[in-house]
Each structure stands twice: as structure tokens, then as C-alpha cells.
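Summarising the annotation, Swiss-Prot assigns 5-phospho-alpha-D-ribose 1-diphosphate binding site to 73, 76-77, 81, 83-86, 101-109, 113. According to Swiss-Prot, the feature anthranilate 1 binding site maps to 73, 104, an assignment based on sequence analysis. If you look up Swiss-Prot, you'll see 85, 218 marked as Mg(2+) 1 binding site, on the strength of sequence analysis. The feature anthranilate 2 binding site is assigned by Swiss-Prot to 159, with sequence analysis given as support. Marked as Mg(2+) 2 binding site by Swiss-Prot: 217, 218.
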């Protein structure tokens, strides 16, 4: 069986060896130096389909599968934009789409998806039963990754010190404990788009995988975006976010200051920052298309933007938080 030495040498390993490798580096007696070596090796050599499936075999054992959608990005695109996936998830929920979001605090950027929810005052569910209750009662739940995959805590220090996207950035988007049947995944890596499409198709999920040609792990409003649509087969196409959202200012959706990003995020969801609102609506579009709420990106964008401008989206966040106050220990 191939192992750590092979990965460090830049060699690929088979599915079973990858599973065993994760079991080794996730043990408490494995040193951070060893973990860093493995994560760095994967960063430079890339991850194959077989290796990805091996890691999934070791980590991912969902007990349920819900008719809902997760929208998530890998992070690591170094753009320091607002957390658009979480805001888009709330917009989608306001339009009647069940959203089961799985995420974490930022490890490489200024502001992570869980940071947004924590700043809103959200109390994260502690188990699958509580998560299912939240989803049923308000069409929305946000699950914090380390709560459901405790081993992730072991890697948090190493990931922050490395400062670049690791294998866990790419694993995270497919590890949702409620196993929602629909996924929208933004990838900072072109190579990982094909891995995701293969994995999600193999697992029987419907999915839209996106990557901006400027490197953004979202639909970019500044360039073309590559898209892979997965639904029993795989279709590739390109979306021009510039022609859909029209003149989004980069300095209104991006900053290295977490407090400013937080401000942009909430103002965007309220419709008070038009550039951020457009960016959020643009990235809500694939969720609406996946759920047959719109037939094309232009119509989906307009529907999402109207939900923001009318106050419907922010009212949804307020409803989520109102219910959340009575569920602090669930």
C-alpha cells in the first residue's frame, strides 16, 4: 500500500491508500509537521479522482439525504470578496428553496461563510436531528463543519499556518452531513471542476460547478465563468456575468478588512450596497436554475435581485434569526 512517502514524492495513490492516508494523518498522535507535509504535497501535485474518493470513503458517512440545495465555494481564490455563497443561500431560501448549507470559518480569506452567520447571531445546530428541524421549520440551516466532522479541528492550525488552499478546501463542499441532493459548488481550481463533476455524478447528485475565468470561485461579474452542469450526464458551458449584472465595482465587494467585508455583506443582502446586491443575485442564479425556478441565468438573476431589493431576502434572514433565538441549545 502506498502512503505518505509516495505523496510527498509527488506520486498518485489508489483509492484504498488515500483512505488509509487520511486515517493516519487525522489521528491525534500524528504531528502537525507530517500533516503539513501531506497537505503541501497535495497542493503541488493535485488530487486525482481516486484519491478524492478515498478521502470521502474515510470521512463521509451521511445517515440521511434531503431534498435541498447546498451552495458553497472552495475558497482560496485570494479575491477577498464578500461571502457571497451564504448571502445567496439566504436569498434562495427566501424564494422557497430549501437550503442546507455546510461551511466553516475562513482559513485562507478575510471572511468565511460561518463568520457571516456568527456575526448575524446564528447559533449553529449540534447534530443532524437539530439540523433537520431547522431546515424543516425555516427552509434553511447552516451546519458548522468542525461540529459534524470533529477531525477537522485537528487540521485547523496547520491550514491557517500554510495559508494556501489545502485538500480540505476541496473536500469541504461535498461533505454536507444532510447529503442534499442538489449542489452548487464554486471552485478556485480548474482541475477540481472535473473531479467534482465526476464525483457528484457518481454519487447521483444534481449539481452546477462554477469557476470564474479570472480565478474567482464564484460566478464572476468581471469576466466569463466556466460552468459544468451535472444531472445524470455532464454538460459544459460558459456564462458572461458582465452582461448579466452590469458594471459591478470591485471595491464595493472586496476588501482585506474583515469588518468592511462584513458591512458589504449585510448591506448587499439589504440592497443598500447595489454592487454587492448584484454580486449576490448573480450567484443565487445557479441555485434557482438547479431548482427549476428560472430557465436561464438572466431571468434567475432578475428574480434574485428583486428578492433583495424588495426586502424579501433580508426578511428571511431576520426570520431565521428570530427562530434561532429559541433554539440556542439545539
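Along the chain as shown, the residues are counted starting at 1.
Cβ atoms here come from the backbone N, Cα and C positions, even for glycine.
Sequence-distant neighbours of residue 217 (Mg(2+) 2 binding site) (same chain, 6+ residues apart, CB-CB distance under 8 A): 73, 74, 75, 76, 77, 186, 187, 188, 210, 211. When secondary structure is read from DSSP and collapsed to three states, residue 218 (Mg(2+) 1 binding site) falls in the coil class. When Cα-Cα distances from residue 85 (5-phospho-alpha-D-ribose 1-diphosphate binding site) are compared across the binding-site residues 104, 159, 218, the shortest belongs to 218. Residue 85 (5-phospho-alpha-D-ribose 1-diphosphate binding site) has a Cβ environment of 26 other Cβ atoms inside 10 Å. Of all the binding-site residues in the record (81, 102, 104), the one with the smallest CA separation from residue 218 (Mg(2+) 1 binding site) is 81.
Neighbour list (residue 81 (5-phospho-alpha-D-ribose 1-diphosphate binding site), Cβ cut-off 8 Å, at least 6 residues apart, same chain): 216, 218, 253, 254, 261, 279. Under DSSP, residue 105 (5-phospho-alpha-D-ribose 1-diphosphate binding site) is assigned to coil, being neither helix nor strand in the three-state scheme.
Sequence-distant contacts of residue 102 (5-phospho-alpha-D-ribose 1-diphosphate binding site), defined as residues of its own chain at least six apart whose C-beta falls under 8 angstroms from its C-beta, comprise 70, 72, 142, 143, 145, 148, 172, 173, 175, 176, 177, 178. A strand conformation is recorded for residue 73 (5-phospho-alpha-D-ribose 1-diphosphate binding site) in the three-state DSSP classification. Secondary structure at residue 159 (anthranilate 2 binding site), taken from DSSP and collapsed to helix, strand or coil, is helix. Highest local Cβ density among the binding-site residues 105, 159 belongs to 159, counted as other Cβ atoms within 10 Å over all protein chains shown. Of the recorded residues, residue 104 (anthranilate 1 binding site) and residue 159 (anthranilate 2 binding site) place their C-alpha atoms 12 Å from one another. According to DSSP, residue 81 (5-phospho-alpha-D-ribose 1-diphosphate binding site) sits within a strand segment. Residue 105 (5-phospho-alpha-D-ribose 1-diphosphate binding site) sits 12 Å from residue 159 (anthranilate 2 binding site), taking the Cα positions as reference.
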